[in-house]
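Colleague: The domain 'UmuC' feature in TrEMBL is assigned to 1-187. The feature Mg(2+) binding site is assigned by TrEMBL to Asp4, Asp104. Annotation comment: TrEMBL describes Tyr9 as site 'Substrate discrimination'. Marked as active site by TrEMBL: Glu105.
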Amino acid sequence: MHIDLDSFYASIEEVRNNSIKGKPIVICVYSGRTQNSGAVSTSNYSARKLGIKSGMPIVLAKRIAMNKEVVFLPVDIEYYREVSDRIMNLIEEESDTLEQVSIDEAYIDVTEKTNSNWNKAIQVANTIKQKILSQEGLTASVGIASNKFVAKIASDFQKPNGLTLVKNEEIIPFLENLKVSKLHGIGEKTARVLNEIGIETSKDLSKCDIKVLEEIFGKNKAKLLHDKSLGIDNSIVESKKKKQLSKIGTLKEDTKDKKVIFEKIIELSNELNQKIKRDNVSFRTVSLITIDIELKTHIKSETISQANDIQRAVPVFKQLLNNYIEKNSEKKLRRIGVRVSNLEFFNSQRTLDEF
Ligand code: TTP
Ligand code: MG
């Protein structure tokens, strides 16, 4: 199964702020050079209808939005990561193995859980969609197939809030009419070369003599392309280890009072310590995450000797907070976070599955 959240950052903002619900929303990465320099990170589906899309310059998006009620917001990546972590955990609970591939997408293997039964797989997909909706207020699109490549294309097929099952005998007709650029893993450049020799669709690609492809792309890539056109993919769903553990929370009120902020750090550290013990990890890097009232995120880190209890990190958090406040005395903080990284897992049996 491939699961991908719908207009992820924009939908999260919609959930957290009721007053913008239903409006076109554009999430921006401001470069800071001029007021509107930077690019659109993502937009919700109602902004997409206006033509505002990922990667577009903010200036252009604002021009399109002129005289319309469009909401522009800066990215708040730490918050999106928190939501992502919770979602990945709940998906993992419903699967044999989870492989997270980005902040909002994952492959899961449900072969054992469903006993290879398609109807059961649909039930699992619906359970996951339902849980994400009831716990986070978000919709996801799911693709189900017997391999990752086809599942990935299937999840994109009926976005948003889609569920697409492609049984083995349906793979060829499902892929047949897709443009080669829609086949996951075929980039713009390769698609252009294929177009130049008259290959537009997956069907064209499957009919092309492999020798012709080998001449242009070499043996390995030719085989890969040919496999894709037929929906063949033998890669497995592989769980990956977490790179970091963190806890972030909102301060009771915006403040620059060191004592109040440090109390919150202690509270978050205690929660983080539970994760450290649960995952049985040690860490070598300690970071303090500060998010100010303008939602600007700063992350400062220190490397220490290997430790497996948060008590070792607390004085470092204190020092990092002091440094931050010294340099940024004028700005109040809204949120604060603690993180440990450079992890080493000790119980190898658990680490294979633990995320
Ligand atoms: P996507 O899953 O590609 O996009 P999306 O979730 O916003 O929309 P869709 O419904 O089509 O899945 O990416 C996930 C998040 O990654 C997205 O919400 C914002 C971020 N992102 C960028 O910052 N820049 C980009 O160019 C893209 C494509 C995504
Ligand atoms: Mg998405």
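Count begins at 1; order follows the chain as displayed.
The backbone N, Cα and C atoms fix where each Cβ goes, and this holds for glycine too.
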Colleague: Give me the Cα-Cα distance between Asp4 (Mg(2+) binding site) and the residue listed as 'active site', rounded to a whole Å.
Modeller: 4
Colleague: Indicate whether Glu105 (active site) is helix, strand or coil by DSSP.
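Modeller: Assignment for Glu105 (active site) reads strand.
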Colleague: As a check: which entries in Asp4, Tyr9, Asp104, the recorded positions, place their Cβ less than 6 Å from an atom of ligand 2?
Modeller: Asp4, Asp104
Colleague: Roughly how many angstrom lie between the C-alpha atoms of Tyr9 (site 'Substrate discrimination') and Asp104 (Mg(2+) binding site)?
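Modeller: Just about 9 Å between their Cα atoms.
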Colleague: Between the recorded positions Asp4, Asp104, Glu105, whose Cβ has more other Cβ atoms within 10 Å than any of the rest?
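Modeller: It comes out as Asp104.
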Colleague: Give the number of CB atoms, excluding that of Tyr9 (site 'Substrate discrimination') itself, located within 10 Å of its CB.
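Modeller: Result for Tyr9 (site 'Substrate discrimination'): 26 other Cβ atoms within 10 Å.
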